[in-house]
């Protein structure tokens, strides 16, 4: 029952596609048919004579009981059985679909389908039981079924049908007993266990002088493969028979796999990872020389095929050299029989030329393994020669290209190069650090030293991109978080040093201007003329505006607004802006974005620079080092900038530039449009024209 269910399920998947019934539904249908007496054995389902009674009975049951599940399942099974029956045009194909693949799911053969029902029921006792037992033995996945004679002479004695040659035990094939292929242990034994049905003419004859050799495995449906390949385009006459070790016998290759591989080579190329994966899957099991050469004719053009033949010959010569040194080499059959040679490995020895059956019978398992491995290695070499990869050293991340796309191009080029596998990972990581965009380079340099593989670097960059964008604003936000604790530590230390036992912040003395004490505690004891005088700047008592200690630090503020006594604010956490970097203690440096708003075509529309806030400069000056070379400039009315060191030549921007200061959270202040000066100075300067337009004061920084 289980074997029949597997056969029917495979046939339904082949001919019904996605709507094929499940094994559970097929088993329920077979159980119902046996219960109703429509089938004496599950294998009777292959007989066309039982199809009409089953259809009528299930239709009547559906109308009476209203249950159409079994009828629907039977409709799909019936369609698959009819399609399989129509496709069997020769007895060799019938054997394949009968299940000679050793448990491989196969549609029914003509011996079970075309046999009349009256002939099956001559003797309802012993004869029917014998037929059922024979069918169950054919469908068993553990054993190979013995095909019936098709009316031809015996290949051993030459007599007509009915000879007893098959009853005698035949010698095992030459490679039986080898530990390389345990699944082939029962191939030769089945020949002597066929009962009264000898091997027919459809089985391949043994070569002269090798009468005891086992016949070759089942062949692929050549006509079907020709049709499949003809519809896809490649000019191929025939296809190889790929033999794999799946189960107790070798089985032919699916034509759809060959068709898909040919299409992949045309669309993806030979170096594609998809192509290599499919070729390795097809050649994962031993192939005959006939199989290998035909497969390469399909996927390679004339020139690559010629290169492959030469490379294959070199690989086979290496195998022969190793087999010559070691008599027990697997290609020599573990010391049994003659040593291997180039003619045997290429399928050119006596009885092998153009004869895949002879190759399957005469070649040893170790030779098949060497042939397949050499062919695959030669294919890899030809793929590198026929389609050379682009130089990985020239790959650079584009301005608008994502890091993932850049990594894909780089890894593909490095893996397709001639670099040894051990050197590919360090090369990829080094290219990440040098060929990526500047923001990503800075992020990778800050990565932990424990990241040692390309995958870890890629994951690190992607994780950081999710947290904050890889721009100057994002980096500014990250740096602000790191600097904030340092600033707070400095503030708290200064505050603790200037705070008395009462906890009040101690400021400058009104009398002497010294820190650390009040006016009442001043040792000079000098009092102002009017101790109750109110200051016009800070709104404090006991001093005037001229004596105010905040006079130099609050120019331009309205009196009495937002001021408090003491030298530090009362708030617990002072406002810290990343616009001022901490590497210059007394120089207010800010991060600025410059955007060219002109219509002149430029390579980079926006740039990021570091500039100095200088209230002593009349105008904004951009250094020649920070100014992009393709941004247009013009001669200014005043060709020089005058300072303490003398005059410096300058030019002026032809286009209007948008200037924006970056805050610590990555946001921008209100931008300003101006025509900055460009000069050869040591650093860019934001002058009073920019400070007034942006509303910036040095006291706020």
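Cβ atoms are placed via backbone N, Cα and C, with glycine included.
When Swiss-Prot is compared with the stretches 82-102, 103-123, 124-144, the one noted as region 'Disordered' is 124-144. The feature zinc finger, as given by Swiss-Prot for the ranges 479-496, 533-550, 551-568, 569-586, sits at 533-550.
Looking at the stretches 165-169, 180-184, 185-189, the one that Swiss-Prot records under the feature motif 'LYPX(n)L motif' is 180-184.
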